[in-house]
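Enquirer: Input: one structure, supplied below.
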Amino acid sequence: MLRMRTRSASWMELPRRVVAGAGALANIGDVCVDLRLSGRALVITGPQTRSVAGDNLAASLTDCGFEADVVITRDPRPAEVDRVKSFALDYKADFLIGAGGGRSIDIAKLAAYHLDIPYLSVPTAASHDGIASAMASLNMDGETKSIPTRAPLAIIADTGIISKAPPRLMSAGCGDIISNYTAILDWRLAKRLKCEDYSEYAAALSSMTAKMVVDMAPSIKPGHEPSAKVVVQALISSGVAMSIAGSSRPASGSEHMFAHALNRIAPGRGLHGELCGIGTIIMMYLHGGDWRMIREALKVLGAPASAHELNIPEDVVVEALTQAHKIRPERYTILGNGLTEAAARAAAETTKVI
């Protein structure tokens, strides 16, 4: 792994190939050959996504002269990552492929990072921007931790498959993208008040991506392959913005902290992108921005715009708002040192989240 010799230098790692479109999965072998990969590939997938993509990937790789095997994974926990690493070592894998939703791809990221071998990202749903970023989510001691790894060597997004995923997943992905609005506002605030490093280019790419999804919200439809392509491209752009910045700052701010706090207090009440979308409404209000625009876009996209839609009690929302600043205390946001209970309730009620 590369170690930078000077503190002023920065290391930017981006995917070398992105193939997105209907039938893209069939190109996996050609992409691997083009990237000069060779030897054995280990496909990491879930029990449901194995039949959707995992087995087809292994077969396509075999047809192109690669050896390939499949390992089924479940929750992204340290023990599961260790199990996959051991499997990859025993198999003598030369590269990994994460195929499925966020869990399989996160495990592939972490295992590949620790084994110092490349990995490819093959999403089967457009539910979050982790499909392209160097950040991996890991469940540790009942909490979700963001772990820096490396960006995928390539992304193969078959929008024919992705468009057939449950509509809720794509709506959640849109919520994750729209949350870039407040993530950038938080980042700019940290730059002004804390002199935090800030990348104009990464911020511009992230903001443009969020704006594109909001502007195109009326034409993004479930089960529609062109819509899936739009959302996938936006998620990839968001992931690239994080790679350019060298952190998750362009796509993760106070709204993500709220989402993680909510999931800690009441686990499993909503998908990551859904919680981030709701958080974005509140955080945009706190920033003095157009929170109504965020709320309306989420509703048009079929994503929840209130806690009631996810059966989350009002008191849980208020508690999450008062605790959110503790999720990443080193990351300065509009939440500052925390909201009082009264301020949290007022923000949630004003924005009609509760």
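Residue positions begin at 1 at the first shown residue.
From the backbone N, Cα and C atoms, a Cβ is placed for every residue, glycine too.
What Swiss-Prot records for Gly102, Arg103, Ser104, Ile105, Asp106, Thr124, Ala125, Ala126, Ser127, Ser133 is NAD(+) binding site. Summarising the annotation, Swiss-Prot assigns substrate binding site to Asp129, Asp176, His260 and lists sequence analysis as the type of evidence. Summarising the annotation, Swiss-Prot assigns Zn(2+) binding site to Asp176, His256, His272 and lists sequence analysis as the type of evidence.
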Enquirer: Listing them in sequence order, which of the binding-site residues Gly102, Ser104, Asp106, Ser127, Asp129, Asp176 have their Cα within 10 Å of that of His256 (Zn(2+) binding site)?
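Expert: Of Gly102, Ser104, Asp106, Ser127, Asp129, Asp176, within range: Asp176.
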Enquirer: Rank the binding-site residues His256, His260, His272 by the number of other Cβ atoms within 10 Å of each Cβ and report the first-ranked residue.
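Expert: In terms of Cβ crowding, the pick is His256.
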Enquirer: With every protein chain in view, what's the tally of Cβ atoms within 10 Å of the Cβ of Asp106 (NAD(+) binding site), excluding that atom itself?
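Expert: Step by step: centre on the Cβ of Asp106 (NAD(+) binding site), count other Cβ atoms within 10 Å, giving 26.
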Enquirer: I need the nearest neighbour of His260 (substrate binding site) among the binding-site residues Gly102, Ser104, Asp106, Ala125, His272, using C-alpha distances.
Expert: His272
Enquirer: Expressed to the nearest Å, what is the distance separating Asp129 (substrate binding site) and Gly102 (NAD(+) binding site) at their Cα atoms?
Expert: 9
Enquirer: Over all pairs in Asp129, Asp176, His260, the listed substrate binding residues, work out the largest Cα-Cα distance in Å.
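Expert: Value for the max Cα separation, rounded to a whole number: 16 Å.
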Enquirer: To the nearest whole angstrom, what is the C-alpha distance linking Ala125 (NAD(+) binding site) and Asp176 (substrate binding site)?
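Expert: Checking the Cα atoms of Ala125 (NAD(+) binding site) and Asp176 (substrate binding site) gives a distance of 13 Å.
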Enquirer: Among all the protein chains here, how many other CB atoms are within 10 A of the CB of Gly102 (NAD(+) binding site)?
Expert: 23
Enquirer: Whole-number Å only: compute the distance from the Cα of Ser104 (NAD(+) binding site) to the Cα of His272 (Zn(2+) binding site).
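Expert: Per the Cα atoms, Ser104 (NAD(+) binding site) and His272 (Zn(2+) binding site) stand 16 Å apart.
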Enquirer: I'd like the number of other C-beta atoms within 10 A of the C-beta of Asp176 (substrate binding site), please.
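Expert: I count 33 other Cβ atoms within 10 Å of it.
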Enquirer: What count of other C-beta atoms do you get within 10 angstroms of the C-beta of Ser127 (NAD(+) binding site), across all chains shown?
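Expert: Result for Ser127 (NAD(+) binding site): 28 other Cβ atoms within 10 Å.
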